[in-house]
Amino acid sequence: MQRHLISAADLTRDDAVLILDTAEEMARVADRPIKKLPTLRGRTIVNLFFEDSTRTRISFEAAEKRLSADVINFTAKGSSVSKGESLKDTAQTLEAMGVDAVVIRHGASGAPYRLANSGWIDAVVVNAGDGTHQHPTQALLDAFTMRRRLIGPDAGLGQDLDGKRITLVGDVLHSRVARSNVDLLHTLGAEVTLVAPPTLLPVGIETWPCEVSYDLDSTLPKSDAVMMLRVQRERMNAAFFPTEREYSRRYGLDGDRMARMPEHAIVMHPGPMVRGMEITAEVADSDRCTVVEQVANGVSIRMAVLYLLLGGNEPAVTHPRTEEK
Amino acid sequence: MSKILIRGAKVLGGEPQDVLIDGGTIAAVGAGLSAGGAEVVEADGKVLLPGLVDLHTHLREPGREDSETVLTGTRAAASGGYTTVFAMANTFPVADTAGVVEQVWRLGQEHGYCDVQPIGAVTVGLEGKKLAELGAMHESAAGVTVFSDDGKCVHDAVIMRRALEYVKAFGGVVAQHAQEPRLTEGAEMNEGIVSAELGLGGWPAVAEESIIARDVLLADHVGSRVHICHLSTAGSVEIVRWAKSRGIAVTAEVTPHHLLLTDELVRTYNPVYKVNPPLRTERDVMALREALADGTIDIVATDHAPHPHEDKDCEWAAAAMGMVGLETALSVVQETMVDTGLLDWAGVADRMSVKPAQIGQATGHGRPVSAGEPANLTLVDTAYRGLVEPAGFASRSRNTPYEGRELPGRVTHTWLRGKATLVDGKLT
């Protein structure tokens, strides 16, 4: 595995399976009365968030705390960044305080890559979402959710997603989740189809390792998982689609459409959902929808990633198990 | 001013000859000229060209002296073999009045490294709304003949039409920065395969091409000439080729970086590759080279755009657009055009000196290397190959995309009206 986690495309199949398997171990920790491992005791992780994202930050924070790391939360609002401090100076300031890893969320595509590759700092960099580029831990938690649901928590160990048919629907153009998922799912052997109005697909998509369709209804019966991407209402004003209602009619997932999916197929959403836009309440609240599960899995995946990047050779779970006795 | 004998120089890449400079003028060109009392420069097979002329330079003064001044910019120009640079109008304040253009022109005269010909803004404040006093700038001491809102596009079709028409009265030319503003909102790099992967805002080729198409049709309609700045796409080449075949008075420039670099480099997210117009694809690069060779594109212009280190040492979105180019232009042209067999040295002289001087009406520049002509000359060691080392730049800024890259060719001497501004690679 590479030293940093910047893009889902940087992961090999074996890297990804190792992360999923490790996350499975981490998930078991969550079922115990004491949900904490000493693995990263004495290590300091900063959550460097230049964009508001309560759920991702909290998920990382929970993961870090369960691994016993010392956690510093840094949000750009009200900080020196809002007074014009550069990314470089902010990062160097934090590293001078003895930070081992930087979890960064930034509105500019490539900011985590720059942080990891410009010689500014030595710390491990984990991308928690950059612009419209990548969100690799989201893709990992999505793959983890698919493997658990479509293969099984135990049966899935050591397995990839070979031959699984995954459909992503919505604003692909502005979605780092879509980019990360296409990369990772392809690496894991899944067959990916993207469905969106042509305005919300990027020019240049033809080289992506996936299929592209404008027609949701014909894709649904051939899907093992359908992931709905959030569509911001503001896109309407930039003429990406005529009205919210037309978008919903053509690309939203409601009960009727869900009924066209195979019985075992699941509905996913990275959150936050825009109910009534890309997904109806009926679908969001159904048993087939994994939104809440994805949140729980997010903590396990982030524990696994931080453990593998920072934990070195110490076994993750075996040790603490004996300690707990 | 003393006499100088340049001995054994390949004039425009031809057979070695001697060139005698007397005062500001070339006194004689021929074999076995006697030195007399002249200082002798052994050219030893180096190539002698007319002093280079850059129709597109950002000198940043007034306003951004932290990135470049007229002094540092003209020293960089002399280092790169230039004897004239046209200074773009997007300074602070904008060069949209006679006062500002005269100041820039005068600074160039005082420093004496290179003639500085200011370009006047087309519209007040580069805002695209109201014509600047083009006539006043033309009549000023600076004698402005080239007008451009470079950095911004004159996007309003009526304003562009009026500007094209108005400057006919005094033989001016409008140099258009072709960028349709609505199609490039949030644009950060060429729109295509790489931007789709990197999640950077796409800058479609059509944003450039649609403006060029409009402007050649406008120029045709009103019988004016139009110059297209930094043409960057294969489609733009096709439009200019078509316009020229119809007899429309259009000229076009290409930058050295668009002849060499592609958007694949953006994968590093290193803002040293962030430039306007953006780096395009390999297919575009090849089309631009071919167009420069066949004359569809008339000239090479650097778009030398200095920026301080902090404006590039950051994330892509926050970075400034632009690259320095004066000190590497000739090397890049040798690499992409001469060493590939697309252009000989006479062709380089035409594209980098003769034609830009004609388009900008730079009197005394871009002239033949022959007796009686002004001694604006550049001597190039074309056998040299070396790594680009920004630390040695005369420019105040270091934002070059070529750091550590091996390039051929090195300018060893530059003469401005017989006065050496560069000797053995060192500024005088």
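The backbone N, Cα and C atoms fix where each Cβ goes, and this holds for glycine too.
What TrEMBL annotates here:
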- B:Asp303: active site (ACT_SITE)
- B:His56, B:His58, B:Asp150, B:Asp303: Zn(2+) 1 binding site (BINDING)
- B:His58, B:Leu59, B:Arg60, B:Asn90, B:Asn276, B:His307: substrate binding site (BINDING)
- B:Asp150, B:His177, B:His230: Zn(2+) 2 binding site (BINDING)
- B:45-233: domain 'Dihydroorotase catalytic' (DOMAIN)
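Structure coloured by features recorded in TrEMBL.
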residue	record	Cβ within 10 Å
B:His56	Zn(2+) 1 binding site	29
B:Leu59	substrate binding site	29
B:Arg60	substrate binding site	27
B:Asn90	substrate binding site	23
B:Asp150	Zn(2+) 1 binding site	24
B:His177	Zn(2+) 2 binding site	25
B:His230	Zn(2+) 2 binding site	24
B:Asn276	substrate binding site	20
B:Asp303	active site	28
B:His307	substrate binding site	25
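Mean per-residue pLDDT, taken over the domain 'Dihydroorotase catalytic' (B:45-233), amounts to 98. Here the Cβ of B:His58 (Zn(2+) 1 binding site) has 27 other Cβ atoms within 10 Å, regardless of which shown protein chain they belong to. Among the binding-site residues B:His56, B:Leu59, B:Arg60, B:Asn90, B:His307, not one has a Cα within 10 Å of the Cα of B:His177 (Zn(2+) 2 binding site). For the recorded site, B:Asn90 (substrate binding site), the DSSP three-state label reads coil.
The record gives B:His56, B:His58, B:Asp150, B:Asp303 for Zn(2+) 1. Within 8 Å of the mean position of their Cβ atoms, the other Cβ atoms in that chain belong to B:Thr57, B:Met88, B:Gly151, B:Cys229, B:His230, B:Ala301, B:Thr302, B:His304, B:Ala305.
For B:His307 (substrate binding site), the nearest neighbour among the listed binding-site residues (B:His58, B:Asp150, B:His230), judged by C-alpha distance, is B:His58. Secondary structure at B:Asp303 (active site), as computed by DSSP, is coil. Same-chain residues with CB within 8 A of the center of the B:Asp150, B:His177, B:His230 CB atoms, the Zn(2+) 2 site residues themselves not counted, are B:His56, B:Met88, B:Ser148, B:Gly151, B:Ala175, B:Gln176, B:Ala178, B:Gln179, B:Cys229, B:Asn276, B:Pro277, B:Asp303.
Within 10 Å of B:His58 (Zn(2+) 1 binding site), judged by CA to CA distance, lie the following recorded positions from the set B:Asn90, B:His230, B:Asn276, B:Asp303: B:Asn90, B:Asp303. Candidate recorded positions: B:His56, B:Asp150, B:His230, B:Asp303. Nearest to B:Asn90 (substrate binding site) by Cα distance: B:Asp150. Checked against B:Asp303 (active site), the binding-site residues B:His56, B:Arg60, B:Asp150, B:His230, B:Asn276 differ in C-alpha distance, with B:His56 being the nearest. Under the three-state DSSP scheme, B:His56 (Zn(2+) 1 binding site) falls in the strand class. Between the C-alpha atoms of B:Asp150 (Zn(2+) 1 binding site) and B:His230 (Zn(2+) 2 binding site), the distance comes to 10 Å. Inclusion criterion for the binding-site residues B:Leu59, B:Arg60, B:Asn276: a C-alpha placed within 10 angstroms of the C-alpha of B:His230 (Zn(2+) 2 binding site); this criterion is met by B:Asn276. Per the record's binding annotation for substrate, residues B:His58, B:Leu59, B:Arg60, B:Asn90, B:Asn276, B:His307 show a top Cα-Cα distance of 17 Å.
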